[in-house]
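Trainee: Just passing along the structure, written as structure tokens.
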């Protein structure tokens with residue numbers, strides 16, 4: 001039985017992780033070798049700002065006072081962060097929260113399509129492979145799955161960029177929206193957005209390879225169950241058995257994988273958005289890393305972490321509803 | 001995806017090991033002094049032969065090396081996987097002795113591949129030989145894979161098995177740490193850490209391997225912990241405890257060997273993950289590098305707009321092929337290992353090759369009934 005107690009504990013764990021990440025980012029900024037604060041002050045000073053003013057600016061942007069004793073500095077950093085004040089980007093001279101809030105929908109747009117399409121394909125292929133296990137189709141599709149699982153998504157992304165965008169010009173070569181069209185609910189703009197998102201989404205199809213192997217394994221396990229023999233004896237048709245019995249029971253464990261992979265793709269979006277110059281959260285985090293724009297970099301890191309924590313939390317908390325068997329065993 | 005990977009246990013092998021362990025403990029029993037001096041009950045019968053160190057190694061060799069290899073060699077995936085990985089090992093070790101490191105303006109810029117014998121894979125825009133770049137980066141990447149995979153699996157196994165075996169407070173603390181690492185997205189964390197420690201990891205592939213494993217041991221630790229929870233209830237563990245064997249000995253000498261199959265499979269997955277992440281970080285230009293490797297070749301190619309130039313496509317394809325090919329090798333190897341260690345899969349496949357054993361019987365019937 002899922003007890004209230006268990007859910008509260010799981011929530012507490014998620015909160016603990018978020019706290020741990022905030023603390024980690026504080027420690028990195030404040031204590032790490034090379035002292036990022038010092039580096040930022042020197043950089044601003046080199047641009048002709050006097051050192052006292054530079055220090056003030058850095059303090060303001062990082063929401064960390066470099067001279068304050070450790071504990072008060074930590075407390076104010078945590079409370080600022082929890083209130084949504086992630087400091088100000090050094091490079092863009094805008095609040096980090098604004099930049100990220102503007103970028104998140106784009107990343108989510110690409111990722112949600114990528115996750116759902118790759119899982120739909122993965123699950124269908126996995127079920128087919130399991131049903132004809134050992135046959136020619138299984139061997140063929142397994143090769144597909146192994147190959148897809150062995151290609152890093154960024155390799156596929158670059159190949160798609162080269163062939164479909166540069167060679168064939170079927171898709172735009174970068175960016176996230178068409179230039180010279182009015183943003184809004186008009187056909188040109190929306191189809192432009194879809195075309196810009198198409199290649200990043202297709203690159204994530206490599207995830208379908210991994211998903212299909214998982215689905216194949218699950219289905220094979222289900223195929224060995226006694227209730228299938230009973231179903232067979234009852235004279236149910238192949239189609240009923242494969243959809244109602246096998247697929248349904250095998251797809252349930254994939255639910256967790258689905259939500260976990262959303263979290264993981266958030267991390268992977270850094271590479272993907274770099275390849276396609278798609279300005280989402282990952283793109284900004286990478287650009288911040290290259291610019292040594294620490295407030296923006298840490299902000300991106302925290303947003304990605306929180307996204308992952310939330311998706312894992314959702315997976316754990318809702319799994320009992322999706323699969324009643326899990327509720328009994330918990 | 002180690003996070004929720006299935007956890008195959010091998011009952012057959014476990015039986016073998018139990019036998020081995022029982023005979024071990026019997027040798028230990030020799031030294032015990034019987035208080036009443038009698039040997040009347042079956043509990044006090046001792047082994048009739050002394051197991052020497054050599055016998056023990058031989059047994060371990062049979063169980064861990066000879067048997068698995070002979071089983072998987074029958075599988076085509078294993079043969080291909082083994083061959084590919086061996087090829088890379090050869091390239092990364094012996095290959096570097098034969099092929100000279102390349103330098104700028106060694107050849108013409110962007111020579112096409114497969115045209116001259118001098119530059120079989122062509123050259124980049126500064127005239128550096130791509131074959132030489134590939135071969136020399138193989139050894140760097142292999143070092144990363146080695147340290148990364150060993151670290152991921154080592155830390156995952158140690159933390160997971162201690163947490164699962166000890167329980168109580170130790171478990172709570174270790175599991176909380178594990179959960180934090182599972183919940184933190186690995187790639188951005190490694191990216192941030194790589195930036196912070198760029199002086200320490202410059203030109204040190206082993207350090208980069210360890211850095212990459214910082215984020216990836218969590219899933220394995222959790223899986224090992226759950227395996228440990230069932231294993232610690234086994235009778236041979238209870239027997240060892242009753243004999244007063246120390247906890248570390250019980251955990252690492254008696255229980256962990258049962259988890260070995262699982263650990264070995266994860267080793268190949270961890271290796272593949274290290275390659276993917278290392279190459280991605282080099283591609284993004286985050287990790288500093290002294291010598292070119294697959295990732296930094298991609299980075300330079302992208303930086304030089306090779307994706308927009310038709311004559312430069314080999315500059316991308318050569319490192320990409322290197323990555324995908326070794327990863328196919330590791331995947332196939334991992335899959336075939338899964339087949340060796342997963343009794344259910346093995347039972348299902350035995351019916352196609354040999355006579356059906358009693359254990360696989362039920363499943364075979366189901367299969368027949370399913371018309372498979």
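Backbone N, Cα and C define each Cβ position, glycine as well.
Per TrEMBL, the feature compositional bias 'Acidic residues' maps to B:8-29. According to TrEMBL, the compositional bias 'Polar residues' annotation covers B:363-372. Look at TrEMBL and you will find B:138-334 tagged as domain 'ABC transmembrane type-1'. Residues annotated as region 'Disordered' in TrEMBL: B:1-39, B:351-372. Summarising the annotation, TrEMBL assigns transmembrane segment to B:80-99, B:141-165, B:177-197, B:203-224, B:274-292, B:312-334.
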Trainee: Three or more CB pairs closer than 8 Å, sequence separation of 6 or more: does that hold for the transmembrane segment (B:203-224) against the transmembrane segment (B:141-165)?
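Mentor: Contact between the transmembrane segment (B:203-224) and the transmembrane segment (B:141-165): present.
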Trainee: Please determine whether the transmembrane segment (B:312-334) and the transmembrane segment (B:177-197) are in contact (criterion: at least three Cβ-Cβ distances under 8 Å, sequence separation 6 or more).
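Mentor: In this chain the transmembrane segment (B:312-334) does not contact the transmembrane segment (B:177-197) - fewer than 3 Cβ pairs sit under 8 Å.
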Trainee: Is the transmembrane segment (B:274-292) packed against any residues at least 6 beyond its ends, judged by a Cβ distance under 8 Å, and which are they?
Mentor: 101, 128, 133, 136-137, 140-141, 144-145, 148-149, 152, 186-187, 190-191, 194-195, 198, 201-203, 208-209, 212-213, 298-300, 302-303, 319, 323, 326-327, 330
